[in-house]
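Since the structure comes first, as structure tokens, the remarks are kept for the end.
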Amino acid sequence: MQPLWLLATLLALGQALPFEQKGFWDFALDDGLFMNDEEASGADSTSGAPDMDSVTPTFSAICPFGCHCHLRVVQCSDLGLKNVPKEISPDTMLLDLQSNDISELRKDDFKGLQHLYALVLVNNKISKIHEKAFSPLRKLQKLYISKNHLVEIPPNLPSSLVELRIHDNRIRKVPKGVFSGLRNMNCIEMGGNPLENSGFEPGAFDGLKLNYLRISEAKLTGIPKDLPETLNELHLDHNKIQAIELEDLLRYSKLYRLGLGHNQIRMIENGSLSFLPTLRELHLDNNKLSRVPAGLPDLKLLQVVYLHSNNITKVGVNDFCPMGFGVKRAYYNGISLFNNPVPYWEVQPATFRCVTDRLAIQFGNYKK
């Protein structure tokens, strides 16, 4: 009996066409969801995508109608589904439900999926989530629920969660305690929501040890208070921030990448940047600055500065580089100043004495 079973299995495998996981992985790569070590801002190895080569193949006959199932990946994208499908194998690790018409996550929708690692619900119509919908997902690390109709952050998120992508929803408020118990979380992407500064309750991020936070394309007029002081990356681009005041960056001494492009920043108070001793990359492009921010020469590790598309009319000889040699620990490899009304022919060569290569400097192309 056993030889017959083995023969049948081999015949089935021999006739099966190789499965190409396009929809899920393309989405992940295009939106930068599976970040590499550098982009993950210090995230540990548990935050990366599972090594599918090391997963023991399973050949379960359970697969929802119309979906593609291979190894432990179940792909049910672009099927016009109204609800989470039934008959999902309990050993599933990646479940892709993006681009459907799901409007609600019910209590037992994920029952039995205790091994699920990543859940993709992007581009649906989800507006309601049962408070116990995610309870069975004890090993879930990545939840992508962007481009839906949510008006609040889902309650009772799994404590195992490492990465939450919830951008492009309708969230206006981040209440205190909504992230309670999420000790493993290191990445939150919540841009594209109509969030104002007043929408963050005091203590909203208490207990989180985030490395990466993005609140872009919102309605912020200033840098939010009380964000996690563990942050390595903070992205607040495409908001309405008008100024950086002295104490705005006080608690973020571990930042190495700060994104403030596409705002309305006219002023950066002297001394503001001194609280960022490990900063390596600073984005201040597409603002309304009239001069190079003070304090750049004191940032010994700074390597990239985006200042293009501002109103800068003058660049001083000591605006970027410290006085003397051997002071700066990492030379610049990128300074963008193009699309500013600065007469670049008047800038002294010594201004960029701490730049690795002259090609790293971008000037010109200013249009009134």
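The chain as shown is numbered from 1 upward.
Placed from the backbone N, Cα and C atoms, the Cβ positions cover glycine too.
Any TrEMBL annotation is an automated prediction that lacks curation.
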TrEMBL annotation, disulfide partner of C67 among C76, C187: C76
Disulfide-bonded residues near C76 (disulfide bond), in sequence order, restricted to C69, C321, C354 and a 10 Å Cα cut-off: C69
Distance [Cα-Cα, Å, rounded] between C69 (disulfide bond) and C321 (disulfide bond): 56
Model confidence over the domain 'LRRNT' (62-94) (mean pLDDT, whole number): 94
